[in-house]
Amino acid sequence: MIGKVVKGIGGFYYVSDGKEIIQGNARGNLKRRKKDTIYVGDEVEYEIRPEDGECIITKVLPRRNILKRPPVSNLDTLVIVSSAETPEMIPLAVDKLTVYCEITGIRPILVFTKADLASEERMRELENMYREVYPVYPISSVTGEGVDDLRKAVAGQSVALAGPSGVGKSTLLNALIADADAETGNLSEKTGRGKHTTRHVEIFPLDHATYVYDTPGFTSLDLPEMDPRELRNFFPEFREPGAHCRYGDCVHINEPACGVKEALAEGEICRTRYDSYLKMYEEVQKWQK
């Protein structure tokens, strides 16, 4: 039989067969071999023990992708959650997540929560950073604005929520999934940041084909080591103007006749996104030294 691992706690795994969730554990050889670590999101083969009705996971099927922190696999979409108000969005953190999505083939969606608290000017500013590159959804868990649209956008996919604490990931999860009871936390008055309330990775089915991963501490991802010249490939808005650069190996920083810098000067590329690119380029360049 084949199922999906939806939770793992204390050596026990919970496998969904699409109708019910079955508790069980891994066969001994899977436990012993580090390369056979089981991740939430894994598609697995399993057997049912007749004596107690629990399952034994016998094999992990090939993965589409895998993240080590948090330990999840087989993601289709990453919903990157930021607040339109407090805590203030950190563009570099968001852009690192979009780059990671581009590298791994995961589709990014941008969500700005607390839309009911932000001014129209602030919402336009946030949406304009990304609207031409990725889907953007203003969300209010209070008024319900945007929740149905987001639910439709992720239909039929395996989806994780990422973003700093305090932006309302657990509240958004509860709004998306009626049966979810992810603990919600209040903002710390001192820091304006929320307390981490989700303590383990768990998948909630939105319907028979849509799964939402609730992930603890999924605030950012470190960039993988790469040749700095590769980084430009993970900013989709650079591709069309980059085709007009004088030099084929242009990295869009100091070179003359650069199509990307021309597009930037004309307002066709977001300055904030470009600044994130410069910071990330400097970061990955240090690895070469």
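Cβ coordinates come from backbone N, Cα and C, glycine included.
Note that this is a predicted model, so its numbers are computed, not measured.
Per TrEMBL, domain 'CP-type G' is recorded for 64-221.
What TrEMBL lists as domain 'EngC GTPase' is 73-219. Taken together, the residues in the domain 'EngC GTPase' (73-219) have a mean pLDDT of 82 on the 0 to 100 scale.
Taken from TrEMBL, the feature GTP binding site covers Thr113, Lys114, Ala115, Asp116, Gly163, Pro164, Ser165, Gly166, Val167, Gly168, Lys169, Ser170, Thr171.
Residue environment of Cys258 (Zn(2+) binding site) contains 21 other Cβ atoms, counted within 10 Å of its Cβ in all protein chains. Here TrEMBL flags Cys245, Cys250, His252, Cys258 as Zn(2+) binding site.
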Reported as an integer number of Å, what is the Cα distance between Cys258 (Zn(2+) binding site) and Ser165 (GTP binding site)? 39
Which residue among the binding-site residues Thr113, Ser165, Thr171 has the fewest other Cβ atoms within 10 Å of its Cβ, if you could check? Thr171
Using DSSP, break the domain 'EngC GTPase' (73-219) down into helix, strand and coil residues and give each count. 40 helix, 34 strand, 73 coil
Restricting the comparison to the binding-site residues Cys245, Cys250, His252, which residue's C-alpha is spatially nearest the C-alpha of Lys169 (GTP binding site)? His252
Where the distance is taken from Cα to Cα, which of the binding-site residues Cys245, Cys250, His252 turns out closest to Thr171 (GTP binding site)? His252
How many whole Å apart are the CA atoms of Cys245 (Zn(2+) binding site) and Thr113 (GTP binding site)? 38
